[in-house]
């Protein structure tokens, strides 16, 4: 009997039903606050991430730190859903943001003994915050739809559209801050200037955490949440999505996206932008990158109407990226020699 109940728990979703907010704030207002909180946190983190391999170059500290961070993120993501289910999405958001604060603090004293533990911890908390974000936003959207007699699909799309629209702007905002504070020379200014930049990033993150603390607590029904009486039951819960053939087919696309982002954050900023524009130019270049990302996301969203159109857009994007990568590989060094 317990084994059957465990199997049902393993197959159950993270959110079984819409969850009303404990406070008096509307569900839409919670979505606004959540979006603003992520805007502050990730404007700071995104810009810091872009600078990591260019600023912390001693022994490849920045590159190694990012590698540890995302390896940790990958491993801990496997068990993130059960953790968020137990602690609740609001607590998961607050705890998850602590890793980003610690990462910025470590960059104020960028040594191996500060960056490696901070990167490892951030990988864990990043897995928690992103599952918490999806859980909280979905719960708020479904509750808003139910209380206002609205269709769930469009309401969920509207809430997600607001969140991801604001999130997309973090690359622009954060990198413009970086450009403004590191504008003195190609070397990015003095150590004091870099510390000032990370201090500003720290302030942004504190504002984001305060906003997360102001979120209404979602009154999830604990009876509906999956419980696991054994490690085997939790393992079944974790691997259940991998039994879906559609999920398996998306893995190559996810891997491709991850490799592309790793190239942009680690190689592009360090080996292409910095030699030409200096550390101070990384912010400006990545702000343009972020603006292009926002525009292309909006265009792609409007053009996507089904699987075929999505596949076409992804294919065109992959071809364009391949052309740029081959150009960098075959001609970039020759051009650098001319300069």
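Just so you know, glycine gets a Cβ as well, placed from its N, Cα and C.
A TrEMBL annotation is a machine prediction, not a hand-curated record.
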Scan 163-183, 226-246 against TrEMBL and say which stretch is down as transmembrane segment.
163-183
Which is it, of 13-30, 31-48, that TrEMBL names as transmembrane segment?
31-48
Mark yes when the transmembrane segment (163-183) and the transmembrane segment (274-300) have three or more Cβ pairs under 8 Å (sequence separation 6 or more) and no when they do not.
yes
Using a Cβ cut-off under 8 Å, which residues of the same chain at least 6 positions beyond either end of the transmembrane segment (312-332) come close to it?
253, 256, 260, 263, 272, 300, 303-304
When you look at the transmembrane segment (92-109) alongside the transmembrane segment (247-268), do they share 3+ Cβ pairs under 8 Å, ignoring any pair fewer than 6 residues apart in sequence?
no
